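Note sheet for the following structure.
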Amino acid sequence: MTGCVNSISPPPVTLYRHRASPSRSSFSLSGDALHSLYRHRRVSRSPSIIAPKFQIVAAEKSEPLKIMISGAPASGKGTQCELITHKYGLVHISAGDLLRAEIASGSENGRRAKEHMEKGQLVPDEIVVMMVKDRLSQTDSEQKGWLLDGYPRSASQATALKGFGFQPDLFIVLEVPEEILIERVVGRRLDPVTGKIYHLKYSPPETEEIAVRLTQRFDDTEEKAKLRLKTHNQNVSDVLSMYDDITIKIEGNRSKEEVFAQIDSSLSELLQERNTAPSSLLS
């Protein structure tokens, strides 16, 4: 899932940014000022080239990246998160994985979470918010930066995270047609030994030995997928309104390399703007 191509010319990224001028009459070199500068500058996108081998990119003399990625079930978030974390060294935090681990533990919260997930409903905030908060607060997340996958899924969850002081630098949205999403979900399989995700059609297992041990997640049936999509569609606009000035929308119905090229272009430019911001402010 970390494959790449030599050269990709990505399609234009639809970028949504707040155009109002900063309210402050002057800037300092604080984190708030740098974040404000990024949010209010006009951004131009240029094609990104994916090298044959990724190298970790560090943001010198700046705060670590804080990224959120959102999309409907099977929109490709997991694949893109692997590519992003491999290149940028961020800590990948999947709300779904946190919930599934809680369910596997047999705890009361896990039992309650499973009941809601089986119905295609959002897990109550009081269960999941603290799980995500605790993971974001761990040392590795604070030092390396984080990539929050599939969360927040409602305006109330976004508000709770903001109240705890967690604000992303960029909010990435993957958009894929619904019929393709259903096909992706139903054909998805999990290797319980390695944790790797396969797809019976698009990414089949390498050997028969792996094929016979694959399992389907309990929430990956067509019926539950449709319920989850309905819930996602009902909540996504409210979430986007919380991050409209830092949101980029990516067409996810492309090859993983093409999708990553668009994301990589945005992240690389964000790092470049951060690293050049001090000299710009002093000039």
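Cβ coordinates are placed from backbone N, Cα and C, and glycine is handled just like the others.
According to Swiss-Prot, the feature transit peptide maps to 1-59, an assignment based on sequence analysis.
Marked as ATP binding site by Swiss-Prot on the basis of similarity to another entry: Ala74, Ser75, Gly76, Lys77, Gly78, Thr79, Arg188. Under DSSP, Gly78 (ATP binding site) is assigned to a helix (H, G or I) in the three-state scheme. Residue environment of Gly78 (ATP binding site) contains 19 other Cβ atoms, counted within 10 Å of its Cβ in all protein chains.
Shown for the region 'NMP' (94-123): DSSP residue counts in helix, strand and coil, namely 22 helix, 1 strand, 7 coil. Positions annotated as region 'NMP' by Swiss-Prot: 94-123.
Long-range Cβ neighbours of Leu122 (AMP binding site) (same chain, at least 6 residues apart, Cβ-Cβ under 8 Å): His116, Arg153, Ser154, Thr231, Asn235. Summarising the annotation, Swiss-Prot assigns AMP binding site to Arg100, Gln121, Leu122, Val123, Gly150, Tyr151, Pro152, Arg153, Gln157, Arg217, Arg228.
Residues 1, 74, 78, 100, 114, 117-118, 120, 228 of the same chain sit 6 or more residues outside the region 'LID' (187-220) yet have a Cβ under 8 Å from a Cβ within it. Here Swiss-Prot flags 187-220 as region 'LID', drawing on similarity to another entry.
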Item to check | Inter-residue Cα distance where the pair is Arg228 (AMP binding site) and Ala74 (ATP binding site), in Å | outcome: 11
Item to check | Cα-to-Cα gap, Gly150 (AMP binding site) vs Thr79 (ATP binding site), nearest whole Å | outcome: 13
Checklist entry - If you measure from the Cα of Ser75 (ATP binding site), which of the binding-site residues Pro152, Gln157, Arg228 is the nearest? => result Arg228
